[in-house]
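Written out below as structure tokens is the structure these notes cover.
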Amino acid sequence: MARGGAGRAVALGLVLRLLFGLRTGLEAAPAPAHTRVQVSGSRADSCPTDTFQCLTSGYCVPLSWRCDGDQDCSDGSDEEDCRIESCAQNGQCQPQSALPCSCDNISGCSDVSDKNLNCSRPPCQESELHCILDDVCIPHTWRCDGHPDCLDSSDELSCDTDTEIDKIFQEENATTTRISTTMENETSFRNVTFTSAGDSSRNPSAYGVIAAAGVLSAILVSATLLILLRLRGQGYLPPPGLLVAVKESLLLSERKTSLI
């Protein structure tokens, strides 16, 4: 009888040890990870609110797997429309934070909701230049300065064409200026010439010069005539034609002097 009691005690101890070991093993085992759960039936929105339902297969995946850069649905529907996705699967938008989230493509909100905002930059000012691809405004004075300031280098495009156009405009302006200056100079010269010719008869100094020239001409002709007469008296007769020409010149000079 004592042997039977000892056997039962040994068996009970073995059972307790087995139960204790099983309990320890269960506690040490890792917690099960999130797994895909296939929904029975194809009814839409049959997944829990904290999961996302794949469009084609109907699997329910954790909502945190949505737009994480890894396709968890076979059709990739969990990675579609991620740029403008700002609300949860159930249509409830994320709560607003105390400070507004910025549209700088850098996560500044605790829920990373500003990464999914469909933002647009305000237009550039009149003194600024809009870069084509990177959507940035830079000062207009930076255009064609030999250094690309836009990421796409659009501020340094078509600079040669603009330079040639500026040169053409400058050359045309210079030519127009030269023509205008030449015409003004010619007009001024003509006005001065006409004024001098028109006012000579009314200018006392010009009148005196003309009168002096007439007197000198008469004296010169008279001296020439006297020389010819002396030569004739000495027997050196000049040709008759020369004497007649001298007399006519003397008469012409006297007429001019009388007209003045």
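Backbone N, Cα and C define each Cβ position, glycine as well.
Pulled from Swiss-Prot:
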{"type": "DOMAIN", "residues": "46-83", "note": "domain 'LDL-receptor class A 1'"}
{"type": "DISULFID", "residues": "Cys47-Cys60", "note": "disulfide bond"}
{"type": "DISULFID", "residues": "Cys54-Cys73", "note": "disulfide bond"}
{"type": "BINDING", "residues": "Trp65, Asp68, Asp70, Asp72, Asp78, Glu79", "note": "Ca(2+) 1 binding site"}
{"type": "DISULFID", "residues": "Cys67-Cys82", "note": "disulfide bond"}
{"type": "DISULFID", "residues": "Cys124-Cys137", "note": "disulfide bond"}
{"type": "DISULFID", "residues": "Cys131-Cys150", "note": "disulfide bond"}
{"type": "BINDING", "residues": "Trp142, Asp145, His147, Asp149, Asp155, Glu156", "note": "Ca(2+) 2 binding site"}
{"type": "DISULFID", "residues": "Cys144-Cys159", "note": "disulfide bond"}
{"type": "TOPO_DOM", "residues": "230-260", "note": "topological domain 'Cytoplasmic'"}
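Shown in sequence order, Val61, Arg66, Cys67, Gly69, Gln71, Cys73 are the same-chain residues outside Trp65, Asp68, Asp70, Asp72, Asp78, Glu79 whose Cβ sits within 8 Å of the Cβ centre of the Ca(2+) 1 site.
When the binding-site residues Asp70, Glu79 are compared by the number of other C-beta atoms lying within 10 angstroms of their own C-beta, Asp70 comes out lowest. Here the candidates are the recorded positions Cys47, Asp70, Asp78, Asp145, Asp149. The one whose C-alpha lies nearest to that of Cys124 (disulfide bond) is Asp149. For the recorded Ca(2+) 2 site, residues Trp142, Asp145, His147, Asp149, Asp155, Glu156 set the reference point as the centre of their Cβ atoms, and the other residues of that chain within 8 Å of it by Cβ are Ile138, Arg143, Cys144, Gly146, Pro148, Cys150.
The recorded positions close to Cys131 (disulfide bond), defined as a CA atom within 10 A of its CA, are Asp155 out of Cys60, Asp68, Asp145, His147, Asp155. Shown for the domain 'LDL-receptor class A 1' (46-83): DSSP residue counts in helix, strand and coil, namely 6 helix, 7 strand, 25 coil.
Averaged over the topological domain 'Cytoplasmic' (230-260), the predicted model reaches a pLDDT of 62. Taking the C-alpha atom of Cys67 (disulfide bond) as reference, the shortest distance to any of the recorded positions Cys60, Asp78, Trp142 belongs to Asp78. Here Cys82 (disulfide bond) is positioned 32 angstrom away from Asp155 (Ca(2+) 2 binding site), judged by their C-alpha atoms. In the three-state DSSP scheme, Asp155 (Ca(2+) 2 binding site) falls into the helix class. Cys137 (disulfide bond): 16 other CB atoms within 10 A of its CB, across all protein chains.
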